[in-house]
Amino acid sequence: MEKGVEKTQIIDYDGNVIEDLKEWMIDNKLNDLGFSYNVIAVLGSQSSGKSTLLNNLFKTSFDVMNTKQGHSQTTKGLWLSYDKFDDETNNSSSFFKLKKKNKPTLILDVEGTDSKERGDNRLTFEHRSALFCLALADCVIVNLWYHSLGNFTASNYGLLKTVMEVNLELFQQEKNSPKTILLFTVRDWFEEFAPIEVVRNKILDEYINKIWKEMKKPKEAEKLNINNFFIIEVVGLSHGIIKKEDFLKDVNNLRDKWINNLRPSKYSRNIPSDGFAQYCNNIWNTIVKQSQLDIPSQKEMLSTFRCQEIKNNVINNINKEIKEKSIESHNKVIENFKEWAEKNIIQKCLDDYFKDASRYKENICLRTSQELLDYLFTQLQAIVDNNLQYIQRTLCTKFFNELSNMYKICTIEKNTFSFSRDSNLKTVKDNNKNTSHEDIKRDLLNNNQDKCVHLWSNFLYNADKLEYFTFCNFYENYEKSNIEIKTNMKNDDNLKNDDNLKNDAHNNITTHQFNYKPTLSVLSTSIYKDSNRIRNIQCGILLNKTRQTIKNSFKNMDTYLLTTKNTEEYWNNTVQLVLKLQDNINTHLTKCFINLKGTNHNNLNIYNDDMMYNNDDMVFNNNDDDDNNNNNNNNNYYYYNKNDDANLSKDENYNNKFSFSLTNEKGIFQNINNNNEGSDEICYTNALKKIDLIKNKQVYKSTINEDINNKLQNKKYIHELKNYYLDEIMDVLKNKLDEISENLATIIIQRFESVFNYDEYEQPRQWRDISMAELKKIFLKSKNYAFLIIDILQKNIKVELIDDYLPNNFIKDEIIEKGKIKAKRRIQEICRDAQYIQETGSKMSLKNVPVVFWIILLLFGWNEILFFIRMFFKLNVILPLFFAAAFIVSTFVYNGNTQALSYINKIIFYMAKNSYNFFKHIQAISNPPPKNVQKQE
């Protein structure tokens with residue numbers, strides 16, 4: 001089809017639909033009319049002048065019969081043209097210009113009835129075309145001759161009956177169905193024959209009413225008359241050849257009547273112009289299939305098709321922008337996402353969609369608009385996910401850094417615990433009645449050790465507080481992604497029933513809430529892992545400091561080993577030391593171990609009483625200063641101000657009146673030695689509960705400190721902790737005893753010397769004044785005292801508490817024998833020295849050799865020294881040894897480091913060169929040339 005052609009065939013002679021009607025309407029700018037157009041069709045006998053009438057009435061160019069070539073079928077099938085009434089618009093007043101602008105009429109020229117060319121098959125096509133015209137047209141022109149009135153066939157009586165039956169069939173199912181204008185054009189009419197009113201009455205009485213009475217009508221239509229379905233108009237037209245001027249005048253009058261009076265203000269079938277082509281296609285296909293032509297169903301079908309088509313066009317137009325933004329969101333956070341999504345995506349797409357789709361059935365239009373929104377929300381969800389994932393990673397890093405920085409002082413603090421004074425925790429407990437909370441905190445933070453203990457004692461509280469701030473920050477950022485949609489909530493039930501939409505019926509604003517739960521799950525799991533990672537580190541530091549403290553306490557055991565004389569006394573002293581350490585750890589560090597090692601059991605509670613809200617903060621009443629609350633200061637409430645900075649690592653002045661529950665009964669912080677299954681689900685469930693509190697602006701009540709205090713009162717739990725402390729103490733004690741066993745010889749020697757070398761007054765013994773018999777007596781006494789330590793360490797008695805960890809005779813026999821041999825050897829040396837002093841009056845030593853002796857030795861041995869040096873250089877012994885040593889060092893120390901090896905080689909060759917020169921110099925000095933050679937020179 002050529003562009004701009006004013007007519008087109010829509011149904012061919014064989015009854016097939018021509019598929020290019022939509023393109024024709026687009027080419028002729030008929031696609032964007034909305035409802036501002038009309039449709040008129042003409043029915044009548046073949047060669048009755050239908051096309052001629054339409055060409056004169058609407059300025060169309062339908063083919064007309066050439067009478068000089070004889071009567072024949074001219075119009076085959078159904079043809080469509082249009083008239084925009086441009087001439088009338090230009091000649092009318094400004095008011096009518098505005099009224100008539102862009103309101104054309106589509107003209108449907110139908111193949112004539114009673115065609116001899118179709119023969120017996122004509123009735124089928126006539127019925128189909130009549131049904132088609134009535135389904136489409138605001139006005140149906142019935143073209144007949146005046147002289148045929150009274151005839152059955154020529155007057156189109158059968159056609160008229162078909163039209164009326166079909167109209168009743170079409171529109172009886174549709175409520176508020178539009179009335180079809182039935183315009184009878186009586187051709188070749190003369191006023192002299194009969195006034196037009198007479199002709200009108202004849203048509204009404206002998207045709208319309210008679211047919212209506214004869215028709216089989218449904219019950220709901222039996223009491224109705226023809227005026228409920230049709231608007232009857234009768235127009236007489238003069239003879240087109242004999243009185244051509246009068247004919248043209250009558251046609252112009254009819255044209256004016258159509259423009260100003262007859263035509264409806266909008267298309268009565270309520271089919272937008274952009275869906276007219278598809279509607280025609282659906283109607284004709286339904287008629288051809290001999291299916292029941294249900295106009296409401298056809299309209300729904302068209303509405304569904306067109307709304308889907310419009311939706312897809314809108315999606316195709318916006319996909320590129322969404323895709324570009326989605327790619328961008330992989331690299332950075334999309335700033336002003338809410339504004340961009342609302343204006344550039346949602347509102348723009350809805351405006352483009354409703355511009356055309358609003359002309360179709362409302363329920364289908366709104367349902368499809370929800371499908372459009374669902375698609376857009378799905379695409380935007382990917383961008384929101386990328387934004388939230390970036391925020392999640394940032395918040396996880398921030399959480400880890402802040403919690404790590406908060407406990408950084410505990411990592412760098414290397415001093416062991418001092419149990420010589422009351423612990424800071426006990427001080428808090430004892431002074432709570434007389435000292436303000438701020439004064440207590442100021443005292444607690446006087447030194448790093450107290451800070452560490454205080455931080456460890458509140459690890460769960462600190463982690464939970466930081467976690468809550470993190471969730472608040474996450475939800476605040478998430479809310480910036482939610483989109484507000486302006487919609488007519490009165491009609492849009494689909495939007496009302498959407499779980500992701502929050503409706504504000506007063507302002508007709510719907511807020512779409514994107515899904516944040518997958519990202520929240522990742523965030524909660526990451527916080528759980530980071531918290532436990534830091535918790536494990538701090539627990540390790542606490543254990544190491546505790547073990548080092550225990551180890552330092554056992555240092556005095558070395559000194560006690562030198563003086564102890566009784567096995568029972570030694571081990572009783574050890575038991576007392578163990579019990580003291582156990583009690584000190586239990587008194588000072590139990591709360592730390594509960595926070596860092598023990599399993600936490602807490603319930604999440606929601607506190608709703610005595611609190612007030614405004615739009616920015618969650619505010620609550622908390623009477624911390626009341627006397628009634630002094631003994632119950634662990635029931636703490638929390639509120640979040642979105643303007644607060646969550647940088648808790650810098651906040652050293654937090655207090656216990658703000659506390660948070662971190663877990664359900666299973667606990668978010670499980671025992672560090674257990675990997676409990678389902679921990680991710682537990683974290684996610686608790687995160688959802690906290691988000692619900694934040695969303696609903698409910699106050700958060702914690703029972704962490706209360707539960708910890710209950711545990712401190714639980715005898716069974718404390719007993720288990722004490723056993724754990726005892727295990728740690730005994731591990732250190734075992735290591736200490738192993739160390740003592742390895743140094744058994746040294747201890748024996750020290751015990752021997754403490755008795756052998758010193759008298760009862762701890763004065764050094766003067767061996768010159770002691771007789772040999774007395775020396776032997778002292779030796780035996782010292783030896784027995786020294787070797788007594790073996791029996792003491794072997795623990796051959798029953799020792800309560802320690803027997804569960806250390807068996808009797810726990811030192812191996814080979815270690816004892818080895819220590820004895822080494823100790824005996826040294827003891828004998830000490831005894832020989834004493835004997836020598838006793839005999840000579842002084843101790844054997846090189847210091848006793850006179851200096852003169854060394855000078856004489858050097859003078860007499862000078863030749864031997866030079867001979868020894870010359871021998872080494874002559875045999876080249878020094879250089880090979882030096883090279884071998886250098887090679888070994890370079891191989892073991894700098895293996896693989898070629899640069900270091902090159903430096904070593906340079907140094908070796910330099911030293912070798914100088915050593916060789918030195919060797920030549922020594923040879924020259926040692927072997928002077930003979931005197932006769934010197935004289936010859």
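Including glycine, each Cβ sits where the backbone N, Cα and C put it.
The shown structure was predicted, so the numbers you read here are calculated from the model rather than taken from an experiment.
Taken from Swiss-Prot, the feature GTP binding site covers GLY44, SER45, GLN46, SER47, SER48, GLY49, LYS50, SER51, and the record attributes it to sequence analysis. In the three-state DSSP reading, SER47 (GTP binding site) counts as coil.
What Swiss-Prot lists as coiled coil is 319-339 (among others), and the listing cites sequence analysis.
Per Swiss-Prot, the feature coiled coil maps to 725-750 (among others). If you take every residue in the coiled coil (725-750) and average the pLDDT, you get 89.
Annotation source Swiss-Prot lists domain 'GB1/RHD3-type G' at 34-280, citing sequence analysis.
Under the heading topological domain 'Cytoplasmic', Swiss-Prot lists 1-848 (among others).
Marked as topological domain 'Cytoplasmic' by Swiss-Prot on the basis of sequence analysis: 894-937 (among others).
According to Swiss-Prot, the transmembrane segment annotation covers 849-869 (among others), on the basis of sequence analysis.
Taken from Swiss-Prot, the feature transmembrane segment applies to 873-893 (among others), supported by sequence analysis.
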Item to check | Positions on the same chain near the coiled coil (319-339), where near means CB under 8 A and six or more residues out | outcome: 345, 376, 379-380, 382-384, 386-387, 390-391, 480-483
Checklist entry - With the GTP site defined by GLY44, SER45, GLN46, SER47, SER48, GLY49, LYS50, SER51, which remaining residues of that chain have Cβ atoms positioned within 8 Å of the Cβ centroid? => result GLY112, ASN143
Checklist outcome for this item: Within the same chain, the residues at least 6 apart in sequence whose Cβ is under 8 angstroms from that of LYS50 (GTP binding site) are VAL42, LEU43, GLY44, THR75, ASP109, VAL110, GLY112, ILE141, ASN143
Checklist entry - Are there any residues in the same chain, six or more apart in sequence, whose C-beta is under 8 angstroms from the C-beta of SER51 (GTP binding site), and if so which? => result PHE62, ASP63, VAL64, MET65, THR74, THR75, ASP109
